[in-house]
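*Asks:* Just passing along the structure, written as structure tokens.
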Amino acid sequence: MGPPLLPKHVTAVIKCQKDPMKALEMFNSMRKEVGFKHTLSTYRSVIEKLGYYGKFEAMEEVLVDMRENVGNHMLEGVYVGAMKNYGRKGKVQEAVNVFERMDFYDCEPTVFSYNAIMSVLVDSGYFDQAHKVYMRMRDRGITPDVYSFTIRMKSFCKTSRPHAALRLLNNMSSQGCEMNVVAYCTVVGGFYEENFKAEGYELFGKMLASGVSLCLSTFNKLLRVLCKKGDVKECEKLLDKVIKRGVLPNLFTYNLFIQGLCQRGELDGAVRMVGCLIEQGPKPDVITYNNLIYGLCKNSKFQEAEVYLGKMVNEGLEPDSYTYNTLIAGYCKGGMVQLAERIVGDAVFNGFVPDQFTYRSLIDGLCHEGETNRALALFNEALGKGIKPNVILYNTLIKGLSNQGMILEAAQLANEMSEKGLIPEVQTFNILVNGLCKMGCVSDADGLVKVMISKGYFPDIFTFNILIHGYSTQLKMENALEILDVMLDNGVDPDVYTYNSLLNGLCKTSKFEDVMETYKTMVEKGCAPNLFTFNILLESLCRYRKLDEALGLLEEMKNKSVNPDAVTFGTLIDGFCKNGDLDGAYTLFRKMEEAYKVSSSTPTYNIIIHAFTEKLNVTMAEKLFQEMVDRCLGPDGYTYRLMVDGFCKTGNVNLGYKFLLEMMENGFIPSLTTLGRVINCLCVEDRVYEAAGIIHRMVQKGLVPEAVNTICDVDKKEVAAPKLVLEDLLKKSCITYYAYELLFDGLRDKRLRKKKGFTVVAI
């Protein structure tokens, strides 16, 4: 028989055991050992093990047993550990209960217990309650230590009061506490969080000058704050100071830098840093490569990310699920599902087991490519491999089906989800509601929302916004306003998207007074208008020729720091043009770039060119057209049509004909009306050759009636096609009968083909 097990042996075994329930089983089995009695150390080890893994019910049972067998005055450390474990799992009330029961069990809390519960409260956002605990500690005559002050400083920083934290830091010495690196870095981090860079940098320098011993792990926490904000330059400044103090960065430090560089999109810097680590050390680890691969994928550099996956393997590192899933998700989001599937195949060969995230990425990618059948097959494959789909995976597939108009299949999938014991979220219903609205079935979507409410799901703002947008798009404003009333009655505040949908619908169906009244309500409710809001209002005001009010609204945009865009000015310029104020429109057209720094676009030029051609000022229209070309703003089909029509109306057939040919050369298809207008003008001047050339060019471009395509014989088709085109133009009233007669004879006269004028003139 071997020597008996001592409590220290049992404690060591429990600490090494990874399974908390096996640790408890071993702990309980020792009760049967003759002469063995659990001590504070064995109780503490099993309680910490159970608490760490969240087995709180079992932990509480052991606590009860411990109180009966160990003196309560010795248990403060155990209670502190229990509070911390409850706090880590977000069970704040349970942590508070442990603290409050300490007195009851004759274990008087010291500063350590107060610090523990204050830390739990601050980390969970219960700042007022933490302050009350602190005041209670002071009332009981317990002197706070450096950790107490640090926790309070952390509370101040988390509530955006870094200057209050600094005052507390400066007062620590008068309270008998020596400032340490954690206290300093807490306040420095608070300053950086609130973008007080100068104060943060100054305090950091003061800390180094004070001779405080610098701990690299604490410094890394400070760097994490800055890297999260993407402020890598400030990190470099602090690191330079630290290196001069003889403290060298470790791999964790470099990983933070790489993460920060990737977050800012400075991928070249991140790649260079990884290269330096490979060559000079410390050698990159899985986290290093994961940070870089994530950054590259985020910036759509998927193939480069895959290169680093290969380098990672070559360095002897084993990619984890995060590595593979990041690259797979990147390829899928980039519309390269085939490459993602190849990565999956390679990863599986190397021992990777696809999880919910993998299947979600692939299914989402397939749905975006319209491959819904393959997405469904992949979903079923996942089920067959034992993957238990969660709500997110179901929602991904439901959304994909809905976007492809497969609402019935999406609804069946939602029902299947419920049958399998998964509770649909409001988002699940929102996907279906959105899908129905996109198909124009807004009343059906409204009915689904009523079903949703009957099942105990309350719509959120997104649900209401979908319905309001759907009804507003269909110009059913009474229904849209009814939804708004339901929304308000249930305490859901409309947002800018809600009001924009309503304003857009009202703009098209109601008087501008109703539009402006809704806008007034929006502002009174504290909802800030955005650019889209103002563009809708301008459209309404211009429609009713309220141009002074429209200009006033432009000034209001400036006061509200909302920058106008090309649509804003396009709406205003169009309003002035339709009101006959061409000078005002042109002044505004020039002002948009000079005063508002808004670049003109092709649609904006089209508006002003249209106005000048309507007034038969083709000289100005041609000048603006040339300006467009010089600025590399490509004219579109509408621009050419305006120029052709304008010159034909003013009798300048040569330029009208020139712009028509240029239009067709640039790949734009003129309307039959535009073609007919030029043909008529040419025929009036007896220029049958050019007019016939246009007909033949129409045949070459495939601008022919359907009857032409029924002629199989090539020779007959060549002869018949121009005549059929001509008859089609006459039938659709695009050419005059005079032009028809001239061209009918001209197209038959083979001698015309030999004349030089018949050839289409090159521009």
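Quick reminder: no glycine exception, Cβ is built from N, Cα and C everywhere.
From Swiss-Prot, here are the annotated features:
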REPEAT    39-69  repeat 'PPR 1'
REPEAT    75-109  repeat 'PPR 2'
REPEAT    110-144  repeat 'PPR 3'
REPEAT    145-179  repeat 'PPR 4'
REPEAT    215-249  repeat 'PPR 6'
REPEAT    250-284  repeat 'PPR 7'
REPEAT    285-319  repeat 'PPR 8'
REPEAT    355-389  repeat 'PPR 10'
REPEAT    390-424  repeat 'PPR 11'
REPEAT    460-494  repeat 'PPR 13'
REPEAT    601-635  repeat 'PPR 17'
REPEAT    636-670  repeat 'PPR 18'
*Asks:* In the same chain, who gets a Cβ under 8 Å from the repeat 'PPR 8' (285-319) while lying at least 6 residues past its ends?
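*Replies:* That would be 251, 254-255, 258-259, 261-263, 265, 267, 270-271, 274, 277-278, 326-327, 329-331, 334, 336, 339, 343, 347, 350, 352.
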*Asks:* Could you give the residue numbers and ranges of same-chain residues that sit at least 6 residues beyond the repeat 'PPR 17' (601-635) on either side and whose C-beta is under 8 angstroms from one of its C-beta atoms?
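*Replies:* Contacts with the repeat 'PPR 17' (601-635): 566, 569-570, 573-574, 577, 582, 585-586, 589, 592, 642-643, 645-647, 649-650, 652, 655, 666.
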*Asks:* On the DSSP side of things, how many residues of the repeat 'PPR 17' (601-635) fall into helix, strand and coil, could you say?
*Replies:* 26 helix, 0 strand, 9 coil
*Asks:* Quick check on the repeat 'PPR 8' (285-319): DSSP residue counts for helix, strand, coil, in that order please.
*Replies:* 26 helix, 0 strand, 9 coil
*Asks:* Averaging the per-residue pLDDT over the repeat 'PPR 2' (75-109), what integer do you get?
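*Replies:* In the predicted model, the repeat 'PPR 2' (75-109) has a mean pLDDT of 93.
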*Asks:* Per DSSP, what is the residue tally for the repeat 'PPR 1' (39-69) in helix, strand and coil?
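*Replies:* So the repeat 'PPR 1' (39-69) is made up of 27 helix, 0 strand, 4 coil.
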*Asks:* List, by number or range, the same-chain residues at least 6 past the repeat 'PPR 13' (460-494) whose CB is under 8 A from its CB atoms?
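*Replies:* Apart from its flanks, the repeat 'PPR 13' (460-494) reaches 426-427, 429-430, 433-434, 437, 440, 442, 445-446, 449, 452, 501-502, 504-506, 508-510, 522, 525, 527.
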*Asks:* Please list, for the repeat 'PPR 6' (215-249), how many residues fall into helix, strand and coil according to DSSP.
*Replies:* 26 helix, 0 strand, 9 coil
*Asks:* Which residue counts does DSSP give the repeat 'PPR 10' (355-389) for helix, strand and coil?
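*Replies:* Split by secondary structure, the repeat 'PPR 10' (355-389) comes out as 26 helix, 0 strand, 9 coil.
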*Asks:* Can you break down the repeat 'PPR 4' (145-179) into helix, strand and coil residue counts using DSSP?
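*Replies:* Residue counts for the repeat 'PPR 4' (145-179) by secondary structure: 26 helix, 0 strand, 9 coil.
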*Asks:* Using DSSP, what is the helix/strand/coil residue split across the repeat 'PPR 18' (636-670)?
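*Replies:* When I sort the residues of the repeat 'PPR 18' (636-670) into the three classes, I find 26 helix, 0 strand, 9 coil.
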